[in-house]
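J.: Here it is: the structure, laid out below.
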Amino acid sequence: MLTNIAKKIFGSRNDRLLKQYRKSVARINALEEQMQALSDADLQAKTAEFKQRLADGQTLDGILPEAFAVCREASRRTLGMRHFDVQLIGGMVLHDGKIAEMRTGEGKTLVATLAVYLNALAGKGVHVVTVNDYLASRDAGIMEPLYNFLGLTVGVIISDMQPFDRQNAYAADITYGTNNEFGFDYLRDNMVTDQYDKVQRELNFAVVDEVDSILIDEARTPLIISGQADDNIQLYQIMNTVPPHLVRQETEEGEGDYWVDEKAHQVILSEAGHEHAEQILTQMGLLAENDSLYSAANIALMHHLMAALRAHSLFHKDQHYVIQDGEIVIVDEFTGRLMSGRRWSEGLHQAVEAKEGVEIKRENQTLASITFQNYFRLYTKLSGMTGTADTEAFEFQSIYNLETVIIPTNRPVQRKDFNDQIFRSAEEKFEAVVKDIEECHKRGQPVLVGTTSIENSELVSHLLQKAGLPHNVLNAKEHEREALIVAQAGKVGAITVATNMAGRGTDIVLGGNLKHQTDAIRADETLSDEEKQAQIAALEDGWQAEHDKVMEAGGLHIIGTERHESRRIDNQLRGRSGRQGDPGSSRFYLSFEDPLLRLFALDRAAAILNRLAPERGVAIEHNLLTRQIEGAQRKVEGRNFDMRKQVLEYDDVANEQRKVIYSQRNEILTSKDISDLMQEIRSDVVSDLVDTYMPPDSMEEQWDIPTLENRLAAEFRLHEDIQSWLKADNAIDGQDIKERLIERIENEYAAKTELVGKQAMADFERNVMLQVIDNQWREHLAAMDYLRQGIHLRSYAQKNPKQEYKREAFTMFQDLWNGIKFHIASLLTSVQIEQNPVAVVEEQPIGNIQSIHSESPDMEELLGQSQTDLVTEAFNPDGTDFSPEALEARGQIVHRNDPCPCGSGLKYKQCHGKLA
């Protein structure tokens, strides 16, 4: 109560922030006439002026009013769009590193230009993050004329783009791309073996569009670059036959072999189930008599069994995945989009492939990974935009330290949100949905129907076909057409069925999107200019009549066929209607067979239903029920937040380790001279080895000199008779032996360096170090995965799993670091080097970020001969000279990172340029 009184007196935090921003808006508006009076050249010159002022010590905040005024005027001249006052507020919110919640249709894409322009002036690069390649290309294409007018360059990162093009895109002042592309490029940059192969600059400032979708919905899914591991494909096929023989329990305490926890999305095998599974596997010959699934030798069998059970019990066709071109393609549960190239980890994808009888591809081994939570926290400044952030404001603040500011609409919202209608069965619910659609269609009111799965969208489509109602279906299977379908969803009587409207990125304009239609006419090369103008004029006249008719019919009507787990997703669907003060309406139709009600609100809601006891086909509308459902949604949101927070807490451990490894790797990559580091590593390794067999403060009887000599000979090719040293000098101790051994190793190493040359040795050292780090890090990631999967069992021993994970992960990391140093020292001191021995080992090209990536070269390949001769022979059979001198003589200019003119497809520096 006191809080409410304080808010009435002082206003909420949001009100106070808006009040401050409005003062800046007044200053920007005061500059408008001055900017309008400038010529194009004078307006463009402002960018250079701002950059100079920043170089002279002014801050971005200091030039904000002028920069925003310049951007607004440039937008009016180039795009024909002038920023509203509320859009100026949105721009300031983004610049301040906060989240701007703006309703659909309020022009978020235009809002971003203000903060992007201002921050790009600093010359450190700005990233604009979208949810898919289409939106990245579209938004960049729309805004590029504005940025180019202001003297700034624009780049776009899309999947399948080559590294050289990526470097150019990142070098631009402003770079558009998807969250996946930015994240995977960061990981790939930390796998290169040549610093010039890196594509990203420093992570300076990012504006994330649909920030809730990216930072919350996708936060539980880490980005993983993986290579194919050795795996027994046949085992997946065999294990796929086991689940049908096991009995599913109806309840957690019921009889059977396994229990499916739909809330936690897990399968739990009972004691009886373990015994039954062991019997089946023994009969199949996979398990020895009286052997246990829990024995160390059978961990892989248990892993495959649980993957098969999850595939059969939790993952359903046309809901969690579809089969396309003989492959299992994951469906994004939040947006309904196909996630081509993505694969589930831990053998689950292979288990689903076995279940559906498609080709089983090998399991992946993690080479590098990071969560979106930790990736986006690497930016110096982060901000975001969305239509629905307020329900997740606490999570944004606690995880990302991002405050949410609700931006007022330019015009008041006129949409009517009707109470939910709740039915006994799904059949009754869908009958009511079709009836509502039919009534809207008769009066010419466009309808958007939102479903939570492909299965339901196809069911609604089937019912509409039976009713003879023309409609469009927008789901993951129709990905290519979605922008066009959404653009025309506001036409008179249009019926659009959408899997999920989250992240669709295209406004629904009442009367249809005229721009899409006129653009199509302008792009039609079969029409003359006169014909194009005539058709566009006719379209514009017809559009106004359609627009007025839709307005009279009540605007866009939204129908939700199910409540989503998150209120935010429901609000996104509702928010498609009522843009820019347009009329509209929304209603959700629910049944007690819906997953949300069945799992989280069943008991009390069913009691209410029994009291009201309506006839078949009669809906219940009650505030108590609506509150009950919202309570269930809050419960799910809280559970999902806890899960995301838990993922972050565990990943934070790996993240600190990742930072250390990547920092060390970067230092090696960029240092011209790493001889001091190498000397330190050799000294540490020899000291540790001596301490192992001659422990400090120990008696001579406890020393194991023969084993020490054998290890030195085997690991370092160092044949020293330490026992004779001890006999010759009774006063000698462990420290003296360390010094002698280090001196011998350093002398031999100096001789090797002199033989091949200092620079050649430095290149060789650098590549060996990078490859050892990568190989050891890869093994460490696998070990961390295994630790993470089993750590929850520590709770049975009354131990805190998180604390145990941190403790063991720290020990494992110490072992990793010691192992890296040992392998580097061992390889570099024991390898036999001939004169002019080594061609620099280049990084293996990594494929599409969403496909299975090639593994890094192994150590045998690293220490082997250069493959350049093979490339030359294959792509240059006639022996043409492609050396720099020969190319220059022929007038050809080929840079190091350009494709080699021999046609091999490799970079010049990796092919014939290497020979030079």
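Even glycines carry a Cβ here, placed using N, Cα and C.
Checked Swiss-Prot, it gives:
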{"type": "BINDING", "residues": "GLN87, GLY105, GLU106, GLY107, LYS108, THR109, ASP507", "note": "ATP binding site"}
{"type": "BINDING", "residues": "CYS900, CYS902, CYS911, HIS912", "note": "Zn(2+) binding site"}
J.: With an 8 Å cut-off on Cβ-Cβ distance and a minimum sequence separation of at least 6, pull the same-chain contacts of THR109 (ATP binding site), or say none.
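T.: When sequence neighbours closer than 6 are ignored, THR109 (ATP binding site) has ASP139, ILE142, MET143, ASP209 within Cβ distance under 8 Å.
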J.: Show which residues of the chain containing GLU106 (ATP binding site), separated from it by at least 6 in sequence, have their CB under 8 Å from its CB.
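T.: Spatial neighbours, sequence-distant, of GLU106 (ATP binding site): VAL86, GLN87, GLY90, ILE407, THR409, ASN410, ARG579, GLN580.
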J.: Which number gives the other C-beta atoms within 10 angstroms of the C-beta of GLY107 (ATP binding site), all protein chains shown included?
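T.: I count 19 other Cβ atoms within 10 Å of it.
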J.: Around GLY105 (ATP binding site), how many other C-beta atoms are within 10 angstroms of its C-beta?
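T.: Its Cβ has 21 other Cβ atoms within 10 Å.
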J.: Counting across all protein chains shown, how many other Cβ atoms sit within 10 Å of the Cβ of LYS108 (ATP binding site)?
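T.: Result for LYS108 (ATP binding site): 25 neighbouring Cβ atoms inside 10 Å.
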J.: Could you state the whole-number distance in Å separating the C-alpha atoms of GLY105 (ATP binding site) and CYS900 (Zn(2+) binding site)?
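T.: Each residue's Cα considered, GLY105 (ATP binding site) and CYS900 (Zn(2+) binding site) end up 48 Å apart.
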J.: Using the residues the record lists for ATP (GLN87, GLY105, GLU106, GLY107, LYS108, THR109, ASP507), what whole-number Å value is the largest Cα to Cα distance?
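T.: This binding site's residues have a maximal Cα-Cα distance of 17 Å.
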J.: Round to a whole number and give the Cα-to-Cα distance in Å for the pair ASP507 (ATP binding site) and CYS900 (Zn(2+) binding site).
T.: 45
J.: Just counting, how many other CB atoms are there within 10 A of the CB of GLN87 (ATP binding site)?
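T.: GLN87 (ATP binding site): 27 neighbouring Cβ atoms within 10 Å.
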J.: Measure from the CA atom of CYS900 (Zn(2+) binding site) to the CA atom of GLY107 (ATP binding site) and give the result in Å, rounded to a whole number.
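T.: Rounded to the nearest whole number, the Cα-Cα distance is 45 Å.
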J.: Using the centroid of the Cβ atoms of GLN87, GLY105, GLU106, GLY107, LYS108, THR109, ASP507 as reference, list every other same-chain residue with Cβ within 8 Å of it (recorded ATP site), in sequence order.
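T.: After dropping the recorded site residues, what remains is MET102, THR104, LEU110, VAL111.
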J.: Give me the CA-CA distance between CYS900 (Zn(2+) binding site) and LYS108 (ATP binding site), in Å, as a whole number.
T.: 43
J.: Taking the binding-site residues one at a time (ASP507, CYS900), which has its Cβ surrounded by the most other Cβ atoms within 10 Å?
T.: CYS900
J.: Please report the DSSP secondary structure of CYS900 (Zn(2+) binding site), reduced to three states.
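T.: DSSP call for CYS900 (Zn(2+) binding site): coil, neither helix nor strand.
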